[in-house]
Amino acid sequence: MPRPLAALLSTACILSFFIALFPRAASSRDILPLGSSLVVESYESSTLQSSDGTFSSGFYEVYTHAFTFSVWYSKTEAAAANNKTIVWSANPDRPVHARRSALTLQKDGNMVLTDYDGAAVWRADGNNFTGVQRARLLDTGNLVIEDSGGNTVWQSFDSPTDTFLPTQLITAATRLVPTTQSRSPGNYIFRFSDLSVLSLIYHVPQVSDIYWPDPDQNLYQDGRNQYNSTRLGMLTDSGVLASSDFADGQALVASDVGPGVKRRLTLDPDGNLRLYSMNDSDGSWSVSMVAMTQPCNIHGLCGPNGICHYSPTPTCSCPPGYATRNPGNWTEGCMAIVNTTCDRYDKRSMRFVRLPNTDFWGSDQQHLLSVSLRTCRDICISDCTCKGFQYQEGTGSCYPKAYLFSGRTYPTSDVRTIYLKLPTGVSVSNALIPRSDVFDSVPRRLDCDRMNKSIREPFPDVHKTGGGESKWFYFYGFIAAFFVVEVSFISFAWFFVLKRELRPSELWASEKGYKAMTSNFRRYSYRELVKATRKFKVELGRGESGTVYKGVLEDDRHVAVKKLENVRQGKEVFQAELSVIGRINHMNLVRIWGFCSEGSHRLLVSEYVENGSLANILFSEGGNILLDWEGRFNIALGVAKGLAYLHHECLEWVIHCDVKPENILLDQAFEPKITDFGLVKLLNRGGSTQNVSHVRGTLGYIAPEWVSSLPITAKVDVYSYGVVLLELLTGTRVSELVGGTDEVHSMLRKLVRMLSAKLEGEEQSWIDGYLDSKLNRPVNYVQARTLIKLAVSCLEEDRSKRPTMEHAVQTLLSADD
């Protein structure tokens, strides 16, 4: 072979090798072919654009060196200023890095977003991507994956973030959740409620309540119909928001109704739903419809303990005895100047401050009718958990408050008055009591632009920056091609790869801003967890899914580290599933802090819960912790709230499949926290939770449909919850009464029939004989009867007759009044 030809072939091989190291980058077009990628280094040019030019899709810089993969309106005033109007994001709360991140339509047909280290941050939901040929950005703003016949296999319209676009269906499975500037999900949800009514919901761990339609009016007065279970809505091209729950064909109509206007329906971080219309001449946006015309009616606007009032503009203030937690972010609300706890509570050192024409909506411990002001006061002051009470003059209605959320003032004609409980040592001035006064001459404006701001460090670059830009990898390829012989090229290639395969711990530790953004959920190296657990020295427990060890992280957080066993998923799928679980946050669910996926190691890092499992306390012989009635009822309620959140509220609904006392942990205040949720997916024993067939749960807690091989739904958790209720009441493990699965089911059927017969009568003396002999008296027999009745309904053979966990929560709350 002639030398020039050999040199040319050698150069071509070298270039091919280097180019093969990186995914194919797609240029600006509406189609992403199978096997192609959009790469973050070329984010300004490597985009998809709808055929009519209205929408673009690609990497959007949310912070320095931090990107989301998003869809945006192409021609707007904001886009020209590089502040694009985002209508959908794959990873709104988990940005990827500015180097080596890519969105790839893989050869198997799935679309995956990977971070700089190759970790899958997001992937398209679905199980069947057979025959996929391309991804396409449609003129509607819908990003779709299509097969060879042009059929849609997946679409972004099915998983909206904070915006609905015209022609996009609003269904029972879709919801809007705003993203704050700190890239965390907001506290508001727009979705169909369980009454099939399109609703705005304020949702935080302590409370979840609807504020639109107006909860103080009945639905019919608001033009809504709760008797249509269709749950279907849509924003039309003309600016009409129609929904199946709107009575008599009503609809919400834009002020500029008509065709030819570009629109978007967005749930903003302040909790208001707004319809925006674009001005074609300059690309600016204007509000053409708003759900909440009075901002103070938005629940939680001023955060916990805060009060919204008009002076005359909407303003947030703290009540007497409270101070602003973060002046730049009112969603954090107010904190008590003097914090009182139940272990040091002395009602003689407490007093009440009257806040006229004021209310904290919801969070009532109970509702009492026709009682005196003194009686209402005595009820609250005798309860260390009561923060204050609302009292209505004339009707004698009394509402003791467990929490102080959604505070607001009303016109002077309103009869609602809050009596705030404060230590006697806290001084109070009448000038500090918030009031709505349209004649106030010095209004303190509610700065909506600062409502959700959180100062964050910019993301630092993981590489040392020099003259290289987004084409740095091609630069190395050409240098190697022209200056390095074949033998030295091989050595350089190995160095090139290994240099960048840094250990995860080294990469994370070197990036303070990046680590800060992902500190709520991050990846740990195996070496970090070996150190944290002191080589897995202290075992906390073990089960079918793995062994749990106690550990302490470098930031002194105490954690539980679980070594998962029998994980057969690939690394990318495991990390993608965990990215969903890591976003789940509820006060009755154990918080997942992170994971390790290194080689064959699969570990979960979660918060350490001090008092261990309910099983240890409930069933251990000679235990030194005895649960009183109040504690047991609170555990039943807390577990119900946690399961209701998994089934109905979190962004991706989760079936636990193994609810039992071992998976219910108790913190220092004996508040229950459910653990091991989401492990059905992680352990890959049956695939999707919509079609689980191999996970069998634990003997004594498994629902009949497991045995019948029926499709598994959330009702399996309801059944297991019913068994847990029986064990809470009796203090005895059901499975120990008999042996074998069939015998347990047979015994439970007899027990359910016996309890059902007892519940038909008015007699209550039999309840004492059924309850745990170790139970400290007194017992609230109304609550006991409610728990027994709920357990019986949860243990129905026919799963369609079992209640939902949301219904269970409401049942228990009504008994708690």
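For all residues, glycine too, the Cβ spot is worked out from N, Cα and C.
Per Swiss-Prot, C316 makes its disulfide bond with C302 among C302, C318.
Residues N128, N691 are shown; Swiss-Prot lists N-linked glycosylation site for one of them, N128.
ATP binding, as stated in Swiss-Prot, involves L540, G541, R542, G543, E544, S545, G546, T547, V548; the candidate among K531, K562 given for that site is K562.
Of all the recorded positions listed here (L540, V548, D658), D658 has the Cα closest to the Cα of N279 (N-linked glycosylation site). Considering only the glycosylation sites N83, N128, N228, the residue whose Cα is spatially closest to the Cα of L540 (ATP binding site) is N128.
Of all the recorded positions in the record (N329, N339, R542, V548), the one with the smallest CA separation from D658 (active site, proton acceptor) is R542.
Of all the recorded positions in the list N329, G546, V548, the shortest Cα-Cα distance to N228 (N-linked glycosylation site) is found for N329. Taking the topological domain 'Extracellular' (29-472) as a whole, pLDDT averages 84 in the prediction.
Checking each of the binding-site residues R542, E544, V548 against N83 (N-linked glycosylation site) by C-alpha distance, the shortest gap belongs to V548.
Cα to Cα, N329 (N-linked glycosylation site) and R542 (ATP binding site) are separated by 42 Å.
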